[in-house]
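Database features, via Swiss-Prot:
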BINDING   Val12, Phe13, Gly14, Tyr15, Gly16, Ser17  substrate binding site
ACT_SITE  Glu105  active site, proton acceptor
Amino acid sequence: MKTLSPEGSLWVFGYGSLIWHPPPHYDYSIPCFIKGYVRRFWMRSEDHRGTVNSPGLVLTLIPYEEWKQFSDWSFTPFDEGCWGMAFRIPAKYATQVREYLDDREVNGYTAHSVPVYAHTGDEIPVLENCLVYVGTSKSPQFQPSDDLTQMAKIISTRRGKSGDNFVYLFELAKCLRHLSPESKDIHVFELEAEVRKQMQKTR
């Protein structure tokens, strides 16, 4: 939409920490979702939420058809779309913010352009081109798993330069509950519940 995208502006889609820690200089944001991807805690973090010796787990997006190759597909419901937040960066800051994000997402992520939608069932995107960073399955940091208990054990105990791994998960779950009446993510909410259960046992 032209009214939403002045010439030279940059739109960025956040599906993880960008939702509550948005890029600098944004002047507008939209709750929205992208189609054809699932969100999973399948990327090792050796910097922000863990260390080289004790990596944490952070998010990536997996194309739906690729996700079907992994074992958690057989018993995990597929929610249409991945909810997050799109942020508009004015043209005069676009290059600066792109460089900032390239550096922030350096650990195994690549940049892609995707359409985003405002409501479940929409056929026409609210934005045609939105920048998103995806940790692909070819990344050495990619670590698929269907073991929720083991994933929760990692997330509940790891810490990196950006803080505790479990805070990353809890902040995401909180944001998803408030983004939109339509926003949900079964994987995130089930993992959050398991982490809270494990942390309660250790207190």
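Including glycine, each Cβ sits where the backbone N, Cα and C put it.
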**Most Cβ neighbours inside 10 Å, all chains, among the binding-site residues Phe13, Tyr15** = Phe13
**Request:** Quick one: give me the count of other CB atoms within 10 A of the CB of Val12 (substrate binding site).
**Result:** 24
**Item:** Chain-mates of Val12, Phe13, Gly14, Tyr15, Gly16, Ser17 with C-beta within 8 Å of site centroid, substrate
**Value:** Leu18, Ile19, Gly84, Met85, Val132, Tyr133
**Prompt:** So what sits near Ser17 (substrate binding site) in its own chain, CB-to-CB under 8 Å and at least six residues off in sequence?
**Reply:** His48, Val58, Ser162, Tyr168, Glu171, Leu172
